[in-house]
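According to Swiss-Prot, the protein carries these features:
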type	residues	note
ACT_SITE	E106	active site, nucleophile
ACT_SITE	E200	active site, proton donor
DOMAIN	29-213	domain 'GH11'
SIGNAL	1-28	signal peptide
Amino acid sequence: MFKFKKNFLVGLSAALMSISLFSATASAASTDYWQNWTDGGGIVNAVNGSGGNYSVNWSNTGNFVVGKGWTTGSPFRTINYNAGVWAPNGNGYLTLYGWTRSPLIEYYVVDSWGTYRPTGTYKGTVKSDGGTYDIYTTTRYNAPSIDGDRTTFTQYWSVRQSKRPTGSNATITFSNHVNAWKSHGMNLGSNWAYQVMATEGYQSSGSSNVTVW
């Protein structure tokens, strides 16, 4: 995924989030938020499974974002997940994803990807949960976000240096990333919006089956 494509992907997703095309639903597990959005391109079959499970099969898509997590994010949350199936053919991310306000920040912790590994302005590295992540920032100007369709905001990224193996239980200790970001002057906002473990794709095909807790 080229950088301009990723920016389009993020902006388009955020625009539709701002008009509530994402739905939240209670589940039996600790998750309480179900995210399911597509721009209508291609075929995206998403299933909100029991507890923290979801699955998605996609073919020749435009942009889509599917995931499960929490209505209110937290800098102290430890996210556990098992991607029993993670098989993108083209552009896609397996990522912790969310937003804060005051200030408005969009953040990613990317554990795996398809054909494109995201980058930005390099800030350093952080070691967490058995891997090393590169830290990047990017800035969006007059772009869609959860607060409207013409906003300026910063994106924070932790991107694993190598794709994380899937098929077994995995952990993202989010506080490690928050603290590392803070050490580089990358402060998150004080008002936490949703936080999900997402499958995100753009102009690709594939399948995933993820359980989050």
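Counting begins at 1 with the first residue displayed.
Using N, Cα and C of the backbone, Cβ positions are placed for all residues, glycine too.
Of all the active-site residues listed (E106, E200), E106 has the fewest other CB atoms within 10 A of its CB.
Under DSSP, E200 (active site, proton donor) is assigned to a strand (E or B) in the three-state scheme.
A separation of roughly 14 Å, to the nearest angstrom, links the Cα atoms of the residue listed as 'active site, proton donor' and the residue listed as 'active site, nucleophile'.
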